[in-house]
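Pulled from TrEMBL:
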DOMAIN    128-427  domain 'NADH:quinone oxidoreductase/Mrp antiporter transmembrane'
TRANSMEM  12-33  transmembrane segment
TRANSMEM  40-60  transmembrane segment
TRANSMEM  80-100  transmembrane segment
TRANSMEM  107-126  transmembrane segment
TRANSMEM  132-150  transmembrane segment
TRANSMEM  171-195  transmembrane segment
TRANSMEM  220-241  transmembrane segment
TRANSMEM  253-272  transmembrane segment
TRANSMEM  341-359  transmembrane segment
TRANSMEM  379-397  transmembrane segment
TRANSMEM  417-436  transmembrane segment
TRANSMEM  457-477  transmembrane segment
Amino acid sequence: MFFDLLLQPNTTILALLLTFALLCFVLLFIPIYNYSMFRILSLAVAFVPLGWSLYLWFLYDGSGQTFQCICHIDTLHISFGIDAAGLSLVILTSAIFPLCIMLMRTITGILTFLLLELVILGSLLVLDLLGFYLLFEASLILLYILIARPERLTGTQYVKHSAGDYSTMDAAYKITLYTMAGSLLFLPVIFILYANYGSTNLLILTCSNNPMLSVDKQLILGWGLLAVFAVKIPLIPVHLWLPHVAAPTAGSVLLAGVLLKLGGIGIIRYLIPIFPVFVVKIFPFIAVMCLVSFLFSTLTTLRQVDLKKIVAYSSIAHMSLVTLAIFSLSEHSVASSTFMMVAHGLVSPALFLLVGFLYERSHTKYLPYLTGLGSHMPIYASLFFILTLANLSFPLFPNFIAEVLCLVSLFAVHSLYAYIFCISQVLGAVYGIWTFNRVMHGYNSNTFNINTSVVDLSRREVSLILPLLIGIFWLGLKPMA
(Lines of atoms letter the chains of each structure in order from A and count residues from 1; the text may use other names and numbers.)
(Lines give C-alpha, C1' and ligand atoms only; values in the text may rest on other atoms or scores of the structure.)
Protein backbone atom coordinates (compact mmCIF):
# COMPACT_ATOMS: atom_id res chain seq x y z
CA MET A 1 0.00 0.00 0.00
CA PHE A 2 2.78 2.42 0.94
CA PHE A 3 4.77 1.69 -2.20
CA ASP A 4 1.65 2.29 -4.28
CA LEU A 5 1.34 5.76 -2.77
CA LEU A 6 5.06 6.27 -3.27
CA LEU A 7 5.04 5.42 -6.97
CA GLN A 8 1.71 6.89 -8.08
CA PRO A 9 2.24 10.26 -9.81
CA ASN A 10 -0.58 11.98 -7.91
CA THR A 11 0.75 11.02 -4.46
CA THR A 12 4.49 10.55 -4.91
CA ILE A 13 5.46 14.11 -3.89
CA LEU A 14 3.53 14.10 -0.62
CA ALA A 15 4.54 10.51 0.19
CA LEU A 16 8.23 11.26 -0.30
CA LEU A 17 8.14 14.49 1.73
CA LEU A 18 6.49 12.63 4.61
CA THR A 19 8.92 9.74 4.26
CA PHE A 20 11.90 12.06 4.32
CA ALA A 21 10.53 13.88 7.37
CA LEU A 22 9.98 10.54 9.14
CA LEU A 23 13.52 9.38 8.38
CA CYS A 24 14.92 12.64 9.77
CA PHE A 25 12.84 12.11 12.93
CA VAL A 26 14.15 8.55 13.31
CA LEU A 27 17.74 9.85 13.27
CA LEU A 28 17.04 11.65 16.57
CA PHE A 29 16.87 8.30 18.37
CA ILE A 30 20.38 7.21 17.39
CA PRO A 31 22.70 7.41 20.46
CA ILE A 32 24.92 10.46 20.48
CA TYR A 33 28.07 8.50 21.28
CA ASN A 34 27.70 6.46 18.07
CA TYR A 35 28.73 9.29 15.78
CA SER A 36 30.03 7.13 12.93
CA MET A 37 26.73 5.25 12.60
CA PHE A 38 24.77 8.52 12.77
CA ARG A 39 26.91 10.04 10.01
CA ILE A 40 26.49 7.03 7.71
CA LEU A 41 22.72 6.82 8.25
CA SER A 42 22.21 10.57 7.85
CA LEU A 43 24.13 10.50 4.58
CA ALA A 44 21.94 7.63 3.38
CA VAL A 45 18.84 9.65 4.33
CA ALA A 46 20.21 12.67 2.41
CA PHE A 47 20.46 10.57 -0.76
CA VAL A 48 16.76 9.58 -0.57
CA PRO A 49 15.51 12.85 -2.18
CA LEU A 50 18.11 12.50 -4.94
CA GLY A 51 16.75 9.12 -6.03
CA TRP A 52 13.22 10.40 -5.73
CA SER A 53 13.98 13.52 -7.82
CA LEU A 54 15.36 11.29 -10.56
CA TYR A 55 12.12 9.32 -10.41
CA LEU A 56 10.19 12.60 -10.82
CA TRP A 57 12.40 13.37 -13.81
CA PHE A 58 11.38 10.03 -15.29
CA LEU A 59 7.67 10.78 -14.68
CA TYR A 60 7.71 14.34 -16.02
CA ASP A 61 6.44 14.80 -19.58
CA GLY A 62 8.10 17.79 -21.18
CA SER A 63 5.41 18.03 -23.85
CA GLY A 64 2.54 17.82 -21.37
CA GLN A 65 0.96 20.27 -18.94
CA THR A 66 2.95 22.88 -17.05
CA PHE A 67 2.29 21.40 -13.59
CA GLN A 68 2.39 17.63 -13.20
CA CYS A 69 2.30 15.07 -10.36
CA ILE A 70 -0.18 17.37 -8.59
CA CYS A 71 -1.22 16.30 -5.09
CA HIS A 72 -4.00 18.25 -3.37
CA ILE A 73 -4.66 18.12 0.40
CA ASP A 74 -8.30 19.04 0.85
CA THR A 75 -8.18 19.63 4.61
CA LEU A 76 -5.35 22.16 4.31
CA HIS A 77 -6.41 23.55 0.89
CA ILE A 78 -2.82 23.22 -0.32
CA SER A 79 -1.34 21.62 -3.43
CA PHE A 80 2.03 20.17 -4.33
CA GLY A 81 3.30 19.76 -7.86
CA ILE A 82 6.23 20.12 -10.18
CA ASP A 83 7.00 22.13 -13.29
CA ALA A 84 10.07 22.13 -15.55
CA ALA A 85 11.94 24.87 -13.68
CA GLY A 86 11.04 23.41 -10.30
CA LEU A 87 12.11 19.92 -11.35
CA SER A 88 15.56 21.15 -12.40
CA LEU A 89 16.06 22.91 -9.09
CA VAL A 90 14.76 19.93 -7.10
CA ILE A 91 17.39 17.68 -8.73
CA LEU A 92 20.07 20.32 -8.10
CA THR A 93 19.02 20.72 -4.45
CA SER A 94 18.96 16.97 -3.88
CA ALA A 95 22.49 16.69 -5.29
CA ILE A 96 23.96 19.62 -3.33
CA PHE A 97 22.77 18.68 0.17
CA PRO A 98 24.66 15.34 0.48
CA LEU A 99 27.87 17.26 -0.27
CA CYS A 100 27.04 19.79 2.46
CA ILE A 101 26.36 17.02 4.97
CA MET A 102 29.73 15.42 4.15
CA LEU A 103 31.35 18.69 5.22
CA MET A 104 29.64 18.62 8.62
CA ARG A 105 31.51 17.28 11.64
CA THR A 106 28.85 17.51 14.34
CA ILE A 107 25.46 15.85 14.85
CA THR A 108 23.79 19.25 15.26
CA GLY A 109 25.13 20.44 11.92
CA ILE A 110 23.99 17.30 10.11
CA LEU A 111 20.46 17.56 11.55
CA THR A 112 20.30 21.27 10.66
CA PHE A 113 21.12 20.52 7.02
CA LEU A 114 18.64 17.68 6.83
CA LEU A 115 15.88 19.98 8.12
CA LEU A 116 16.99 22.65 5.66
CA GLU A 117 16.76 20.15 2.82
CA LEU A 118 13.24 19.17 3.85
CA VAL A 119 12.09 22.80 4.08
CA ILE A 120 13.68 23.88 0.79
CA LEU A 121 12.32 20.88 -1.11
CA GLY A 122 8.89 21.73 0.29
CA SER A 123 9.19 25.34 -0.89
CA LEU A 124 10.16 24.16 -4.39
CA LEU A 125 7.27 21.70 -4.60
CA VAL A 126 4.43 23.61 -2.93
CA LEU A 127 1.96 25.41 -5.22
CA ASP A 128 0.60 27.83 -2.65
CA LEU A 129 1.70 31.35 -1.76
CA LEU A 130 1.08 30.95 1.97
CA GLY A 131 2.82 27.57 2.04
CA PHE A 132 5.78 29.02 0.15
CA TYR A 133 5.94 31.90 2.62
CA LEU A 134 5.93 29.61 5.68
CA LEU A 135 8.56 27.25 4.29
CA PHE A 136 10.61 30.21 3.06
CA GLU A 137 10.68 31.73 6.56
CA ALA A 138 11.40 28.35 8.18
CA SER A 139 14.55 28.04 6.09
CA LEU A 140 15.60 31.49 7.31
CA ILE A 141 15.54 30.34 10.95
CA LEU A 142 17.77 27.36 10.22
CA LEU A 143 20.07 29.47 8.08
CA TYR A 144 20.46 31.97 10.92
CA ILE A 145 21.58 29.16 13.24
CA LEU A 146 24.02 27.87 10.63
CA ILE A 147 25.68 31.25 10.07
CA ALA A 148 25.59 32.59 13.64
CA ARG A 149 27.16 29.51 15.24
CA PRO A 150 29.37 27.86 12.59
CA GLU A 151 31.80 26.37 15.14
CA ARG A 152 29.07 24.38 16.88
CA LEU A 153 27.60 23.05 13.65
CA THR A 154 30.68 22.42 11.54
CA GLY A 155 33.29 21.71 14.20
CA THR A 156 35.71 24.14 12.50
CA GLN A 157 37.13 27.26 14.12
CA TYR A 158 36.81 30.38 11.95
CA VAL A 159 39.42 33.00 12.60
CA LYS A 160 38.73 36.74 12.48
CA HIS A 161 41.94 38.34 11.22
CA SER A 162 41.17 42.05 11.54
CA ALA A 163 38.67 44.50 12.97
CA GLY A 164 37.17 45.09 9.55
CA ASP A 165 36.26 41.47 8.96
CA TYR A 166 32.65 40.43 8.51
CA SER A 167 31.70 38.52 11.69
CA THR A 168 29.35 35.58 11.68
CA MET A 169 26.83 37.29 13.96
CA ASP A 170 26.73 40.38 11.73
CA ALA A 171 26.09 38.16 8.72
CA ALA A 172 23.33 36.25 10.53
CA TYR A 173 21.59 39.45 11.60
CA LYS A 174 21.82 40.96 8.12
CA ILE A 175 20.35 37.95 6.34
CA THR A 176 17.52 37.92 8.89
CA LEU A 177 16.74 41.64 8.66
CA TYR A 178 16.92 41.86 4.86
CA THR A 179 14.80 38.76 4.28
CA MET A 180 12.24 39.71 6.93
CA ALA A 181 11.95 43.22 5.48
CA GLY A 182 11.02 41.70 2.12
CA SER A 183 8.67 39.22 3.80
CA LEU A 184 6.82 42.02 5.58
CA LEU A 185 5.80 43.31 2.16
CA PHE A 186 5.05 39.79 0.94
CA LEU A 187 2.61 38.84 3.71
CA PRO A 188 0.00 41.62 3.09
CA VAL A 189 -0.07 40.63 -0.59
CA ILE A 190 -1.01 37.08 0.43
CA PHE A 191 -3.87 38.37 2.60
CA ILE A 192 -5.19 40.65 -0.16
CA LEU A 193 -5.08 37.82 -2.71
CA TYR A 194 -6.97 35.59 -0.28
CA ALA A 195 -9.59 38.33 0.19
CA ASN A 196 -10.06 38.59 -3.58
CA TYR A 197 -9.99 34.90 -4.55
CA GLY A 198 -10.73 33.06 -1.31
CA SER A 199 -7.52 31.03 -1.69
CA THR A 200 -3.77 31.35 -1.98
CA ASN A 201 -3.44 28.21 -4.12
CA LEU A 202 -1.51 28.97 -7.30
CA LEU A 203 -3.75 26.72 -9.39
CA ILE A 204 -6.80 28.76 -8.35
CA LEU A 205 -5.11 32.15 -8.62
CA THR A 206 -4.06 31.45 -12.22
CA CYS A 207 -7.23 29.64 -13.28
CA SER A 208 -8.68 31.00 -16.52
CA ASN A 209 -12.17 31.09 -14.99
CA ASN A 210 -11.09 33.62 -12.35
CA PRO A 211 -10.89 37.27 -13.43
CA MET A 212 -7.45 38.88 -13.32
CA LEU A 213 -6.75 41.65 -10.83
CA SER A 214 -7.16 45.17 -12.12
CA VAL A 215 -4.11 46.95 -13.52
CA ASP A 216 -3.92 49.32 -10.54
CA LYS A 217 -3.98 46.44 -8.04
CA GLN A 218 -1.31 44.56 -9.96
CA LEU A 219 0.96 47.60 -10.08
CA ILE A 220 0.67 47.95 -6.29
CA LEU A 221 0.67 44.35 -5.11
CA GLY A 222 3.42 43.25 -7.48
CA TRP A 223 5.98 45.21 -5.46
CA GLY A 224 5.39 42.93 -2.48
CA LEU A 225 6.45 39.82 -4.36
CA LEU A 226 9.25 41.63 -6.19
CA ALA A 227 10.72 42.86 -2.89
CA VAL A 228 11.15 39.43 -1.33
CA PHE A 229 12.44 37.80 -4.52
CA ALA A 230 14.87 40.65 -5.31
CA VAL A 231 16.40 40.25 -1.84
CA LYS A 232 16.79 36.52 -2.31
CA ILE A 233 18.39 36.63 -5.78
CA PRO A 234 19.93 39.23 -4.78
CA LEU A 235 19.89 42.46 -6.77
CA ILE A 236 21.85 45.55 -5.83
CA PRO A 237 21.23 47.48 -3.52
CA VAL A 238 19.64 44.68 -1.45
CA HIS A 239 22.68 42.41 -1.77
CA LEU A 240 24.48 43.37 1.45
CA TRP A 241 23.00 40.44 3.37
CA LEU A 242 25.11 37.91 1.44
CA PRO A 243 27.00 36.06 4.20
CA HIS A 244 29.39 34.10 1.98
CA VAL A 245 32.50 35.52 3.64
CA ALA A 246 31.36 34.80 7.20
CA ALA A 247 29.51 31.55 6.49
CA PRO A 248 31.21 28.15 6.75
CA THR A 249 32.09 26.32 3.55
CA ALA A 250 28.94 24.19 3.66
CA GLY A 251 26.83 27.33 4.16
CA SER A 252 28.43 29.05 1.17
CA VAL A 253 27.84 25.96 -0.99
CA LEU A 254 24.20 25.90 0.11
CA LEU A 255 23.67 29.61 -0.51
CA ALA A 256 25.23 29.63 -3.96
CA GLY A 257 23.83 26.30 -5.08
CA VAL A 258 20.29 26.41 -3.73
CA LEU A 259 19.06 29.43 -1.77
CA LEU A 260 19.77 32.09 -4.39
CA LYS A 261 17.62 30.11 -6.82
CA LEU A 262 14.51 30.47 -4.64
CA GLY A 263 14.18 34.05 -5.85
CA GLY A 264 14.32 32.97 -9.49
CA ILE A 265 11.77 30.18 -9.12
CA GLY A 266 9.53 32.56 -7.16
CA ILE A 267 9.47 35.04 -10.03
CA ILE A 268 8.82 32.32 -12.61
CA ARG A 269 6.15 30.49 -10.65
CA TYR A 270 4.33 33.25 -8.73
CA LEU A 271 5.12 36.79 -9.86
CA ILE A 272 4.72 36.38 -13.63
CA PRO A 273 1.47 34.30 -13.65
CA ILE A 274 -0.31 36.31 -10.92
CA PHE A 275 0.83 39.83 -11.89
CA PRO A 276 1.60 39.73 -15.64
CA VAL A 277 0.78 43.41 -16.23
CA PHE A 278 3.12 44.46 -13.43
CA VAL A 279 5.95 42.40 -14.92
CA VAL A 280 5.53 44.06 -18.31
CA LYS A 281 5.32 47.56 -16.88
CA ILE A 282 8.28 47.12 -14.55
CA PHE A 283 10.67 45.70 -17.16
CA PRO A 284 12.60 48.97 -17.81
CA PHE A 285 13.19 49.42 -14.09
CA ILE A 286 14.27 45.79 -13.65
CA ALA A 287 16.57 46.04 -16.67
CA VAL A 288 18.35 49.05 -15.17
CA MET A 289 18.63 47.30 -11.79
CA CYS A 290 20.08 44.17 -13.39
CA LEU A 291 22.58 46.16 -15.44
CA VAL A 292 23.67 48.14 -12.39
CA SER A 293 23.94 44.92 -10.37
CA PHE A 294 26.02 43.26 -13.09
CA LEU A 295 28.39 46.18 -13.61
CA PHE A 296 28.72 47.05 -9.93
CA SER A 297 29.39 43.48 -8.83
CA THR A 298 31.89 42.92 -11.64
CA LEU A 299 33.78 46.16 -10.97
CA THR A 300 33.69 45.50 -7.22
CA THR A 301 35.19 42.07 -7.79
CA LEU A 302 38.19 43.67 -9.52
CA ARG A 303 39.18 45.48 -6.32
CA GLN A 304 38.66 42.61 -3.88
CA VAL A 305 41.55 40.98 -2.02
CA ASP A 306 39.41 38.28 -0.37
CA LEU A 307 39.18 35.11 -2.45
CA LYS A 308 35.74 34.21 -1.10
CA LYS A 309 34.36 37.69 -1.85
CA ILE A 310 35.50 37.35 -5.46
CA VAL A 311 33.46 34.18 -5.91
CA ALA A 312 30.50 35.72 -4.05
CA TYR A 313 30.35 38.88 -6.17
CA SER A 314 30.60 36.84 -9.35
CA SER A 315 27.43 35.05 -8.22
CA ILE A 316 25.60 38.39 -8.08
CA ALA A 317 26.66 39.11 -11.67
CA HIS A 318 25.36 35.75 -12.91
CA MET A 319 22.06 36.04 -11.06
CA SER A 320 21.55 39.53 -12.51
CA LEU A 321 21.61 38.03 -15.99
CA VAL A 322 19.19 35.31 -14.83
CA THR A 323 16.74 37.93 -13.54
CA LEU A 324 16.86 39.99 -16.72
CA ALA A 325 16.30 36.88 -18.84
CA ILE A 326 13.24 35.97 -16.76
CA PHE A 327 11.69 39.42 -17.08
CA SER A 328 12.32 39.54 -20.83
CA LEU A 329 9.26 37.24 -21.23
CA SER A 330 10.56 35.97 -24.54
CA GLU A 331 10.02 32.49 -25.94
CA HIS A 332 13.13 31.05 -24.27
CA SER A 333 13.20 33.17 -21.10
CA VAL A 334 12.14 30.47 -18.63
CA ALA A 335 14.27 27.73 -20.20
CA SER A 336 17.38 29.92 -20.50
CA SER A 337 17.12 31.33 -16.96
CA THR A 338 16.52 27.86 -15.49
CA PHE A 339 19.53 26.43 -17.31
CA MET A 340 21.61 29.37 -16.07
CA MET A 341 20.53 28.75 -12.48
CA VAL A 342 21.44 25.07 -12.74
CA ALA A 343 24.82 25.85 -14.33
CA HIS A 344 25.59 28.44 -11.68
CA GLY A 345 24.40 26.01 -9.01
CA LEU A 346 27.13 23.57 -10.09
CA VAL A 347 30.07 25.88 -10.79
CA SER A 348 29.80 28.34 -7.90
CA PRO A 349 29.52 25.69 -5.12
CA ALA A 350 32.56 23.92 -6.59
CA LEU A 351 34.55 27.16 -6.38
CA PHE A 352 33.42 27.70 -2.79
CA LEU A 353 34.55 24.16 -1.98
CA LEU A 354 38.02 24.94 -3.35
CA VAL A 355 38.18 28.16 -1.34
CA GLY A 356 37.11 26.27 1.78
CA PHE A 357 39.74 23.57 1.23
CA LEU A 358 42.41 26.26 0.93
CA TYR A 359 41.14 28.02 4.06
CA GLU A 360 41.46 24.83 6.10
CA ARG A 361 45.16 24.73 5.22
CA SER A 362 46.15 28.39 5.39
CA HIS A 363 43.45 29.88 7.70
CA THR A 364 43.24 32.92 5.46
CA LYS A 365 41.38 33.97 2.31
CA TYR A 366 43.42 37.08 1.47
CA LEU A 367 45.14 37.09 -1.90
CA PRO A 368 48.43 38.71 -0.75
CA TYR A 369 48.97 35.66 1.48
CA LEU A 370 47.95 33.14 -1.18
CA THR A 371 50.49 33.31 -3.98
CA GLY A 372 52.63 30.75 -5.73
CA LEU A 373 50.49 27.75 -4.79
CA GLY A 374 50.40 26.16 -8.24
CA SER A 375 53.80 24.43 -7.95
CA HIS A 376 52.90 22.93 -4.56
CA MET A 377 49.27 22.00 -5.29
CA PRO A 378 49.05 20.81 -8.93
CA ILE A 379 45.69 19.01 -8.54
CA TYR A 380 44.19 22.04 -6.78
CA ALA A 381 45.58 24.37 -9.46
CA SER A 382 44.14 22.24 -12.26
CA LEU A 383 40.67 22.13 -10.71
CA PHE A 384 40.78 25.86 -9.92
CA PHE A 385 41.70 26.60 -13.55
CA ILE A 386 38.89 24.40 -14.92
CA LEU A 387 36.29 25.98 -12.63
CA THR A 388 37.57 29.48 -13.37
CA LEU A 389 37.00 28.85 -17.07
CA ALA A 390 33.54 27.49 -16.29
CA ASN A 391 32.73 30.57 -14.21
CA LEU A 392 33.88 32.77 -17.08
CA SER A 393 31.41 31.00 -19.42
CA PHE A 394 34.11 29.40 -21.54
CA PRO A 395 32.88 27.16 -24.40
CA LEU A 396 32.26 23.49 -23.54
CA PHE A 397 30.97 24.54 -20.10
CA PRO A 398 27.27 24.93 -19.17
CA ASN A 399 27.63 28.60 -18.24
CA PHE A 400 28.54 29.39 -21.85
CA ILE A 401 25.40 27.72 -23.21
CA ALA A 402 23.25 29.29 -20.50
CA GLU A 403 24.54 32.80 -21.10
CA VAL A 404 24.07 32.46 -24.86
CA LEU A 405 20.47 31.38 -24.30
CA CYS A 406 19.89 34.27 -21.88
CA LEU A 407 21.33 36.74 -24.36
CA VAL A 408 19.16 35.29 -27.13
CA SER A 409 16.13 35.87 -24.92
CA LEU A 410 17.31 39.40 -24.25
CA PHE A 411 18.07 40.20 -27.91
CA ALA A 412 14.46 39.27 -28.75
CA VAL A 413 13.21 42.09 -26.50
CA HIS A 414 15.86 44.80 -26.26
CA SER A 415 19.13 44.55 -28.16
CA LEU A 416 20.81 47.46 -26.32
CA TYR A 417 20.71 45.65 -22.96
CA ALA A 418 22.05 42.53 -24.62
CA TYR A 419 24.96 44.43 -26.18
CA ILE A 420 25.87 45.96 -22.81
CA PHE A 421 25.92 42.51 -21.21
CA CYS A 422 28.05 41.11 -24.06
CA ILE A 423 30.64 43.87 -23.73
CA SER A 424 30.67 43.64 -19.93
CA GLN A 425 31.60 39.97 -20.05
CA VAL A 426 35.18 41.11 -20.71
CA LEU A 427 35.35 42.37 -17.12
CA GLY A 428 34.45 38.89 -15.89
CA ALA A 429 37.39 37.44 -17.79
CA VAL A 430 39.65 40.10 -16.29
CA TYR A 431 38.91 39.32 -12.63
CA GLY A 432 38.82 35.56 -13.22
CA ILE A 433 42.22 35.33 -14.92
CA TRP A 434 43.70 37.91 -12.53
CA THR A 435 42.58 35.90 -9.50
CA PHE A 436 43.97 32.65 -10.88
CA ASN A 437 47.32 34.26 -11.65
CA ARG A 438 47.57 35.82 -8.18
CA VAL A 439 46.82 32.58 -6.35
CA MET A 440 48.63 30.01 -8.49
CA HIS A 441 51.63 31.90 -9.89
CA GLY A 442 54.29 34.20 -8.52
CA TYR A 443 56.47 33.88 -5.42
CA ASN A 444 55.15 32.59 -2.14
CA SER A 445 54.50 35.31 0.45
CA ASN A 446 56.00 33.19 3.29
CA THR A 447 53.06 34.09 5.52
CA PHE A 448 52.82 30.40 6.41
CA ASN A 449 55.15 27.50 5.78
CA ILE A 450 53.97 26.30 2.39
CA ASN A 451 55.97 23.09 2.59
CA THR A 452 54.21 21.85 5.74
CA SER A 453 50.92 23.79 5.94
CA VAL A 454 49.79 23.42 2.35
CA VAL A 455 49.42 20.00 0.80
CA ASP A 456 47.48 19.02 -2.28
CA LEU A 457 43.87 17.86 -2.23
CA SER A 458 43.13 14.60 -0.46
CA ARG A 459 41.00 11.79 -1.86
CA ARG A 460 38.09 12.86 0.35
CA GLU A 461 38.21 16.43 -1.01
CA VAL A 462 38.46 15.25 -4.61
CA SER A 463 35.49 12.93 -4.04
CA LEU A 464 33.48 15.89 -2.72
CA ILE A 465 34.08 18.03 -5.77
CA LEU A 466 33.96 15.22 -8.34
CA PRO A 467 30.11 15.00 -8.57
CA LEU A 468 29.95 18.71 -9.36
CA LEU A 469 32.62 18.33 -12.03
CA ILE A 470 30.72 15.45 -13.61
CA GLY A 471 27.56 17.55 -13.70
CA ILE A 472 29.45 20.51 -15.17
CA PHE A 473 30.99 18.53 -18.02
CA TRP A 474 27.80 16.58 -18.65
CA LEU A 475 25.67 19.70 -19.07
CA GLY A 476 28.43 21.45 -20.98
CA LEU A 477 28.85 18.67 -23.53
CA LYS A 478 25.24 17.48 -23.65
CA PRO A 479 22.95 20.35 -22.52
CA MET A 480 19.76 18.76 -23.88
CA ALA A 481 20.13 15.67 -21.66
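Cβ from N, Cα, C; glycine included.
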By a Cβ-Cβ criterion of under 8 Å, what residues six or more beyond either terminus of the transmembrane segment (12-33) are in contact with it?
2, 5-6, 41-42, 45, 48-49, 52, 55-56, 59, 69, 71, 73, 80-82, 107, 111, 114-115, 117-118, 121-122, 125
Which range out of 107-126, 253-272, 417-436 gives the transmembrane segment (341-359) the most CB pairs under 8 Å?
253-272
If contact means at least 3 Cβ pairs within less than 8 Å, sequence distance 6 or more, would you call the transmembrane segment (80-100) and the transmembrane segment (253-272) in contact?
yes
Could you check whether the transmembrane segment (253-272) packs against the transmembrane segment (379-397) - three or more CB pairs closer than 8 Å, residues at least 6 apart in sequence?
no
Hey, which bits of the same chain come close to the transmembrane segment (132-150), Cβ under 8 Å, at least six residues off its ends?
109, 112-113, 115-116, 119-120, 122-123, 126, 156, 158, 168-169, 171-172, 175-176, 179-180, 183, 186-187, 190, 228, 243, 246-248, 250-251, 254, 259, 262, 266, 270
What parts of the chain pack near the transmembrane segment (107-126), using Cβ distances under 8 Å and only residues at least 6 beyond its ends?
13, 17, 20-21, 24, 27-28, 32, 35, 38-39, 42, 45-46, 49, 78-82, 86, 89-90, 93-94, 97, 100-101, 132, 135-136, 138-139, 142-143, 145-146, 152-155, 250, 254, 258-259, 262, 265
